[in-house]
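Annotated features in Swiss-Prot:
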{"type": "ACT_SITE", "residues": "H264", "note": "active site, proton donor"}
{"type": "BINDING", "residues": "H78, H237, D241", "note": "Zn(2+) binding site"}
Amino acid sequence: MIKQRTLKNEIRATGVGLHTGQKVYLTLLPAPVDAGIVFRRVDLNPVVEIPAKAANVGDTTLSTTLIQDGVRVSTVEHLLSAMAGLGIDNAIIEVSADEVPIMDGSAGPFVFLIQSAGIVEQNAAKKFIRIKKPITVQDGDKSASFLPFEGFKVSFTIDFDHPVFRGRKLDATVDFSSTSFVKEVSRARTFGFMHEIEYLRSKGLAKGGSVDNAIVVDKFRILNEDGLRYEDEFVKHKILDAIGDLYLLGTSLIGEYKAYKSGHGLNNKSLLELIKQEDAWEMVTFEDDEVAPISYIKPLLAV
């Protein structure tokens, strides 16, 4: 049986919020079977819990923000991407502010935290949503589709009219039956344009943003001294974001997600459309590991 997973131990980290620039304390804790991923604002009294579900997405400007009764947790996508990539079904995420720390702008530090905490299987079947028929959502020239596929695959195309992107690979497909999330996707950093960062700062945002936690691009070039971590790091980060946004389904996905110029808004819009069209998917579990289209390496190997 493919079983649900949680963390073995509690683990803590600190970082800065991308927008506030303030120090944020982060704690990842184990959670019981079927709890899902739940964010907990421990700086509030009483403490507020927000389940990581698509219906709780209240803002997709610049990042994915969960909102419940006016309480927010922003920039959840990179941490959720790490949870999805390592197959964590149940966890409590405590934060001391209204945003998850940006760390280095990728999911890499979160992968390291989860692996350091350890991963344990729980005595219940892992749930998957399997796509049965195609669904496409358009937004102007942008599009996002869910397609039937026996496995999990994300295909993404970006399009920027900018010198840095000319001659670069602007599309990528990652089939997770043959590609390691940890090695090939998790280290891709978020990117931003200098003029946008300056504008955001004038509005009191992006105070924590720097070359330490993003790929920063000016009119002509990449400003980071060390350059890129992958040749196709830009589009790989979009795939990383999509994996995190899709994990707001509350389960792992069996199917393909194909996106053209999509962002957090369209990722969420397509997810809500999928949930609404109940004949387009089915919930499945696997009693027999051998017949499962997605193989999850035994947790011990992930440590």
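Here the Cβ of each residue, glycine as well, is placed from N, Cα and C on the backbone.
Keep in mind the model is a prediction, meaning the values are calculated, not measured.
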>> Among H78, H237, H264, the recorded positions in question, whose Cβ has the most other Cβ atoms within 10 Å in this structure?
In response: H78
> In sequence order, which same-chain residues at least six apart have a C-beta under 8 angstroms from D241 (Zn(2+) binding site)?
Replying inline: E77, H78, S81, T190, G263, H264, N267
>> Can you tell me whether DSSP puts D241 (Zn(2+) binding site) in helix, strand or coil?
In response: helix
> Inside 8 A of the center formed by the CB atoms of H78, H237, D241, which other residues of the chain have their CB, for the recorded Zn(2+) site?
Replying inline: E77, S81, G105, S106, A107, A188, R189, T190, K238, I239, L240, G244
